[in-house]
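Undergrad: What Swiss-Prot shows for this protein is this:
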type	residues	note
BINDING	Lys29, Arg43, Tyr55, Tyr141	substrate binding site
BINDING	Asp65, Asp70, Asp102	Mg(2+) 1 binding site
BINDING	Asp70	Mg(2+) 2 binding site
Amino acid sequence: MGYKDLPPGKNPPEDIYVVIEIPQGSGIKYELDKDTGVIFVDRFLFTAMYYPFNYGFIPQTLADDGDPVDVLVISREPVAPGSVMRCRPIGMLEMRDEEGIDTKLIAVPHEKLDPTYSDIKTVDQLPEIIRERIKHFFEHYKELEPGKWVKVENWRGLQDAIEEIKKGIENYKKGGK
């Protein structure tokens, strides 16, 4: 069984699986190759920055950019690339980059994995400093890469994240396999 066989969650869109590609604290961007199912080094970040939290995607989804729905998982520890985390969405960050709309879902580990975030139901309940770190990272992590840029537009709440997941699942069912 590979990642293509993994469902989008235990009870999506509220209870999702996230395949971790990039561990918290990494200065390397890893990416799962769709054809082989192997995680490749995409690039070393040109900036002296690191991913503030674990980063991955929801399997069997397709976002507007043609890739699976991206997720940043707020967590206490780095998680190995290729691991699957059961998560709960809490919101999303709308951005644009050189290729167009680039939305990032924000999630927390399911309470059975880590109860630390069980009281956080929406992105607005995260401490302001966490939201600022996330925003700062995405605004600056591509700065030294020729021709690349990012503009953070705004934070969206839980309901928008739920709709984004539903849309990603539907897009996948319509031919994203």
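Glycine residues also receive a Cβ, built from the backbone N, Cα and C atoms like all the rest.
Map these features onto the structure and tell me what's around them.
TA: In this structure, Lys29 (substrate binding site) is part of a beta strand by DSSP.
Secondary structure at Asp65 (Mg(2+) 1 binding site), taken from DSSP and collapsed to helix, strand or coil, is coil. Sequence-distant contacts of Asp65 (Mg(2+) 1 binding site), defined by Cβ-Cβ distance under 8 angstroms and a gap of at least six in the same chain, are Glu99, Gly100, Ile101, Asp102.
Asp70 (Mg(2+) 1 binding site) carries a strand DSSP state (E or B). The Cβ neighbour count for Asp70 (Mg(2+) 1 binding site), using a 10 Å radius over every protein chain in view, is 23.
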Undergrad: Determine which residues of the same chain, besides Lys29, Arg43, Tyr55, Tyr141, have their CB within 8 A of the center of the CB atoms at the recorded substrate site, and list them by sequence.
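TA: Here the non-site neighbours turn out to be Ile22, Ser26, Ile28, Tyr30, Asp42, Leu45, Tyr51.
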Undergrad: I'd like the number of other C-beta atoms within 10 A of the C-beta of Tyr55 (substrate binding site), please.
TA: 23
Undergrad: Select the most exposed residue of Lys29, Tyr141, where exposure means the fewest other Cβ atoms within 10 Å, treating these as the binding-site residues.
TA: Lys29
Undergrad: How many Å lie between the Cα of Asp70 (Mg(2+) 1 binding site) and the Cα of Tyr55 (substrate binding site)?
TA: 7
Undergrad: Residues other than Asp65, Asp70, Asp102 within 8 Å, Cβ to Cβ centroid, of the Mg(2+) 1 site?
TA: Ala63, Asp64, Asp67, Met95, Asp97, Ile101, Thr103, Lys104
Undergrad: Based on DSSP, name the secondary structure state of Asp102 (Mg(2+) 1 binding site): helix, strand or coil.
TA: coil
